[in-house]
Amino acid sequence: MQFFGRLVNTFSGVTNLFSNPFRVKEVAVADYTSSDRVREEGQLILFQNTPNRTWDCVLVNPRNSQSGFRLFQLELEADALVNFHQYSSQLLPFYESSPQVLHTEVLQHLTDLIRNHPSWSVAHLAVELGIRECFHHSRIISCANCAENEEGCTPLHLACRKGDGEILVELVQYCHTQMDVTDYKGETVFHYAVQGDNSQVLQLLGRNAVAGLNQVNNQGLTPLHLACQLGKQEMVRVLLLCNARCNIMGPNGYPIHSAMKFSQKGCAEMIISMDSSQIHSKDPRYGASPLHWAKNAEMARMLLKRGCNVNSTSSAGNTALHVAVMRNRFDCAIVLLTHGANADARGEHGNTPLHLAMSKDNVEMIKALIVFGAEVDTPNDFGETPTFLASKIGRLVTRKAILTLLRTVGAEYCFPPIHGVPAEQGSAAPHHPFSLERAQPPPISLNNLELQDLMHISRARKPAFILGSMRDEKRTHDHLLCLDGGGVKGLIIIQLLIAIEKASGVATKDLFDWVAGTSTGGILALAILHSKSMAYMRGMYFRMKDEVFRGSRPYESGPLEEFLKREFGEHTKMTDVRKPKVMLTGTLSDRQPAELHLFRNYDAPETVREPRFNQNVNLRPPAQPSDQLVWRAARSSGAAPTYFRPNGRFLDGGLLANNPTLDAMTEIHEYNQDLIRKGQANKVKKLSIVVSLGTGRSPQVPVTCVDVFRPSNPWELAKTVFGAKELGKMVVDCCTDPDGRAVDRARAWCEMVGIQYFRLNPQLGTDIMLDEVSDTVLVNALWETEVYIYEHREEFQKLIQLLLSP
């Protein structure tokens, strides 16, 4: 027993040693009958607790004099007297005005506030305590406009920051507090309310006060600036409803610029929706638009969708693309480029974005700019070309690769002009160990797209084989353009068409009489039909992938359908535009075996051949071209299984004709035969050129096993599963293969009947999925396409000559 007694005493001593001396505890007043009363103020008594050798402060319950609350228990008399004086001057209004104070938890909170904030008035304490009845006490009312010494804030400031609307009403209606006061930082009650979480407080302030709504603090921020900086979207909405001004300058410009600087998309959208002119506002420091301040792709995309000028310039002449390149914001730069940013815009000191990318040693950015049309030999105001800036790159490997790249595009390695020296002499590079010589570049390695591949791309872009002659508008032969399927890899087709247009100087629509497309090729065929530029389509594809390929497969069809409606019109019919003739492939899946269907913008030719199947089954015929909606035709041709759900009874045309060349030639032959049967032989035009564009050839890889059999052990089971997977992939690839024998058959057919056949399809270094969304991967694919164009420049030159000939 003695052992347990000593253990209890020891534990009690340790507990007392580490216990909080200011912990509020409910006690009986009778426990202090033997203690001396050192001080007494109202219901507050300071006892000298002789047995424990402590000084205890007890608040006697005004409603029950037999009980009380010990507020502290201190060992030093001096500390006890200081705290007693502090408590006695602050507690009286609270226990006199509200019985809620007489609870242990409330008293603990209140006494902690008194100690932690010695400069607070009773009104400040009442706000933080949050008991409404206290604000009816005369002493608290008298302190309603007092400012504390820590921040210079009034009780109303605290109520706003706390977000307590009920206390705010008490202060305004019963205490008649002033609402136009500021703290030491110059912040009004609106600034404090913005930092809270209750937008109703802002609404109450807006109804009761106008002063301070648009006032700037010592940092030059209005409440609206601060709300944008903190990302308080609801606060921004309420401030705008209270008529907060959007045109007050802050240190970073208008509130819209603050929202952009801190990437607060919701706040920026709210401001623009309330005042659309803010999207064009310029900040005072740089003269920059909100788009210049965009730090990520999402913010830039939001502004561009709302009509922001993508090529707006700052005071220094820089566009948003200049800023994105300077800050190495690749994703943001891609968004700007795909929305029409001028890749050759001259900014401060005449620098183009490519000049800046060179100085930043950003290879991916350089690729993107060149792919989107940036010129590599443009000098700035100092006569410096991108070549010269590339020579300053610190890393030797990168420097040599980029300099070689620029040399291969025809850029001259020249120094800035020297005063007093003729331009021809001043621009000549002196002989030194690093001078560039015109040497043949090493073979291209498309399997490993690294820096050395940069050196070849611009040669593809250089219009070395541009022909000035225009074709005869009354030519007697037809030209056919065939576009493969391939999802987002349709970008490769677009890049090939851009090269053809650039070399010929003629729009694709005017170069071809027939256009056939499957899936993504079908969308591009319709784009050609409706006179959409290929540069626009390139940007459109980059934008489309982010809208359509969201989540996991199969993707929702809604975004794709809305996209097609937006681009081609919700009510546009196939026959609304009849030149050139366009056909899109689709697969009718409501029958077995499935059949190929062509969506046309002309009447289908009548054939004399016997039906392939006996019509014992009542199958609904497809819609006539005059009734067929364009967007539905595009949706039906691109309904790739496992990627999107079927569009009614239509599946992706790639299942039967991923390379539509032979089907298109068959259609043209049947069309001409129908004209002859109808006595219109004079309208028949012989097909003279067939151009087939692919979406890139994936690299060939070995397959270890396609054996599927009945397994007899776990090892064989695993082997069978793996073989079934590989076999399934092989079957799909064989069904949708646009190359191989499909190309051989088309070429052979054309050679037999004297038709010029061109198959353009670059070899890719990596396998790219139909739903690829990585900007870097897609830019590299376009880069490889440009390299391919350069390597096949003679074939391109021959093609252009034939297309432009009568």
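The backbone N, Cα and C atoms fix where each Cβ goes, and this holds for glycine too.
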Check your understanding: Ranges 364-375, 748-759: which does Swiss-Prot label region 'Calmodulin-binding (IQ motif)'?
Key -> 748-759
Check your understanding: Given 62-66, 162-166, 517-521, 737-741, which one carries Swiss-Prot's motif 'GXSXG' label?
Key -> 517-521
Review point. Region 'Calmodulin-binding (1-9-14 motif)' per Swiss-Prot sits at which of 277-286, 467-476, 677-686?
Key: 677-686
Revision key, fill the gap. For Asp652 (active site, proton acceptor), the nonlocal same-chain Cβ neighbours (under 8 Å, six or more residues apart) come out as Gly485, Thr518, Ser519, Gly586, Thr587, Ser637, Gly638, Ala639, Ala640, Pro641
Check your understanding: Who are the chain neighbours of the repeat 'ANK 5' (286-312) in space, where the CB to CB distance is under 8 Å and they lie at least 6 residues beyond its ends?
Key -> 252-253, 256-257, 259-261, 263, 265, 268-269, 272, 276, 278-280, 318-321, 323-324, 327, 329, 331-332, 334-336, 339-342, 345, 543, 546
Point to revise | Three-class DSSP secondary structure - Asp652 (active site, proton acceptor) | key: strand
Practice item. Go through the chain and flag residues at least 6 beyond the ends of the repeat 'ANK 3' (219-248) whose CB is under 8 A from any CB in it; none is fine as an answer. Key: 185-186, 188, 190-191, 193-195, 199, 202-203, 205-206, 212-213, 254-256, 258-259, 261-262, 264, 266-268, 270-271, 274-275, 278, 281
Check your understanding: Averaged over the domain 'PNPLA' (481-665), what pLDDT does the prediction give?
Key -> 85
